[in-house]
Amino acid sequence: MSDDAVKQMKQVVAKAAADRVQSGMVVGLGTGSTTAFVIQFLGDRLRKGELSNIVGVPTSFQASVLAKKYGIPLVTLDDVEKLDIAIDGADEVDPAKNLIKGGGAAHTREKIVDSLAEQFLVVVDSSKLVQKLGSTFPVPVEVLPFAVAPVTRALKALGGEPELRMGVKKDGPVVTDQGNFVLDVRFDDIPDPAELEKAINNIPGVVENGLFVNVADVILVGEIVDGQPQVREIFH
């Protein structure tokens with residue numbers, strides 16, 4: 001599939017998500033390429049007067065920068081107890097609406113923000129749909145730098161193949177917004193995502209992992225049908 005087709009899918013699904021936000025809402029702003037379009041479209045709606053009195057809770061420095069660029073007022077979790085909606089992307093979505101997230105190394109903040117939302121809305125293009133989690137994407141695990149070696153051993157004992165995520169435009173490991181490292185862990189099979197999510201988080205030194213199980217309310221999928229981008233909704 002061409003880059004242009006993927007961009008079209010991301011834009012159409014992002015607009016559909018932004019259109020669900022109503023005036024007065026507290027909105028969780030996710031991280032990633034598709035969610036970046038959501039933030040842009042929310043800014044467009046504010047500028048046109050279609051929306052008013054919304055505030056955003058960013059899940060990352062990237063989301064914060066984009067929200068400021070497009071004129072979305074921001075608050076922190078010190079200011080709000082709950083959110084009306086959180087909109088976020090995913091790296092994989094299985095038929096049970098379970099997710100792998102964390103390609104942008106923001107999954108810890110995303111999981112916190114998404115858990116506080118009345119509705120957690122996930123936006124993806126069709127390439128992110130898989131039959132089983134772990135098919136194409138490793139499970140990201142945020143880990144304290146001090147604990148990388150013991151956590152690596154513990155993840156191997158769970159059947160994983162951990163690899164320290166390295167920077168692309170800088171030498172050395174990727175550092176999260178919290179100042180931690182990320183281990184990308186491949187598993188041959190994830191028969192029970194809920195159990196694996198708990199098992200990983202029980203390892204001392206792990207901050208959070210990218211398995212999001214039984215938390216997504218609605219998945220919006222951007223896809224190309226007969227040459228045209230359109231949106232499909234999954235909510236069962």
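Placement of Cβ uses the backbone N, Cα and C atoms for every residue, glycine included.
Among the features that Swiss-Prot reports, active site, proton acceptor is placed at E110. E110 (active site, proton acceptor) carries a helical DSSP state (H, G or I).
Per Swiss-Prot, substrate binding site is recorded for T31, G32, S33, T34, D88, G89, A90, D91, K101, G102, G103, G104, K128, and the stated evidence type is sequence analysis. Residues within less than 8 Å, Cβ to Cβ, of K101 (substrate binding site) and separated from it by at least 6 positions along the same chain comprise D88, G89, A90, D91, H107, E110, K111, P140, G210, F212.
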* Asked: How big is the substrate site in terms of the longest C-alpha to C-alpha distance among T31, G32, S33, T34, D88, G89, A90, D91, K101, G102, G103, G104, K128, in angstrom?
  -> 15
